[in-house]
Amino acid sequence: MEDKYYMERALALAEQGAGFVNPNPMVGAVIVKDSQIIGEGYHEKYGGLHAERNALKDCKEKGNNPKGATMYVTLEPCCHYGKTPPCTEAIIESGIERVVIGTLDVNPVVAGKGAQILRDNGIRVEVGMLENECKKLNRVFNKYMSTKLPYVVMKYAMTADGKIATASGESKWITGDAARENVHRLRKNLSGIMVGVSTVIIDNPSLDCRLDEPSNNPVRIICDSYLRTPINSKIVETASEIKTIIATSSENESRIAEYEKAGCTVLKLPRTENGIDLNSLMVELGNMGIDSILLEGGGTINFSALESKIVDEIHIHMAPKIFGGNSKSPVEGLGISDINDAIKLNPINTTWAGDDLIIENEVIY
């Protein structure tokens, strides 16, 4: 089916914007005439041209005329002035006669209006081609646009018997190189990375993105109720280079001043029995424009995050190893007494990374 083929191409293009367009959606567009692709493009970076305009630009640069052509676009074209003019205007002016849209935009400024404007100008519009795939592509954008809260992905590496460290506390490395590269890809694609202070004290991580390709470092977020993050930790020492947020309930102003002098942003938040009020933190981070977070903490913060119901997905990286004993598990806390109270997961994707199995799950509360 031709429409499906070209929308799949548009989806592949859209994915190239991952990690560069936040908090905008990833969008791809393909222009087809006489069964030939005559132009294509995607939203490459925040503030840059949208996919539709890049596809039309590609058409022009190749000397192709889009008049009478069909445009396939993964998300409904915008119809408002933002950092760029409305894409609906460019489509109408180009003479394109048919637009196939993957899914409507949840942004209330658009939300069906873009498609209607095209129809009102005599363009045939069809909505819903590979709709589920197009919605899944922008699940971060859809949540953030609807709630102004970050989309949270919890990730942990564990053995086949559910351990995240040996009996002595050693955890480097449970999984292999391919799985760790997958983690850095997550860091590239999501806006923030969050850990608890214990992870900083024990591992002294950099929490940056290390890929052999262009990428942005995520904003680093440390949950630290009592300001125990060492001033000489890698995270604090590089805070002037990579945006770093310390979330605390401490009133120790002199300690706060030390972090701020090093370049950290300190957020003072309410405290709950499990530590920082994570729901309040999500509101603050959302207000700062952080649309997505990779949670790479230990069992304590993982338990708090699940109990606070802030987690949208869990990515389990499972190594074919057995540690045994009473070493730490990915989720600590009190646990449940009744099996019916278990937090349920809906597996959405399973892949191999070398010898390690990666299971991606939606969290069902």
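For all residues, glycine too, the Cβ spot is worked out from N, Cα and C.
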Q | Same substrate site per TrEMBL - residue from SER168, SER171, SER280 joining ARG187, ASP203, LEU207, ARG210, GLU296 | A | SER171
Q: Would you count the other C-beta atoms found within 10 angstroms of the C-beta of SER304 (NADP(+) binding site) for me?
A: 23
(Q) Could you tell me the mean pLDDT the prediction assigns to the domain 'CMP/dCMP-type deaminase' (1-126)? (A) 93
Q) With every protein chain in view, how many other Cβ atoms are within 10 Å of the Cβ of LEU207 (substrate binding site)? A) 25
Q. Given the recorded positions HIS50, GLU52, CYS78, SER171, ARG210, which lie within 10 A of ALA157 (NADP(+) binding site) by CA-CA distance?
A. SER171
Q | Of GLU52, ASP203, GLU296 (the recorded positions), the residue whose Cβ has the fewest other Cβ atoms within 10 Å | A | ASP203
Q) Across all chains shown, how many C-beta atoms besides its own are within 10 angstroms of the C-beta of ARG210 (substrate binding site)? A) 13
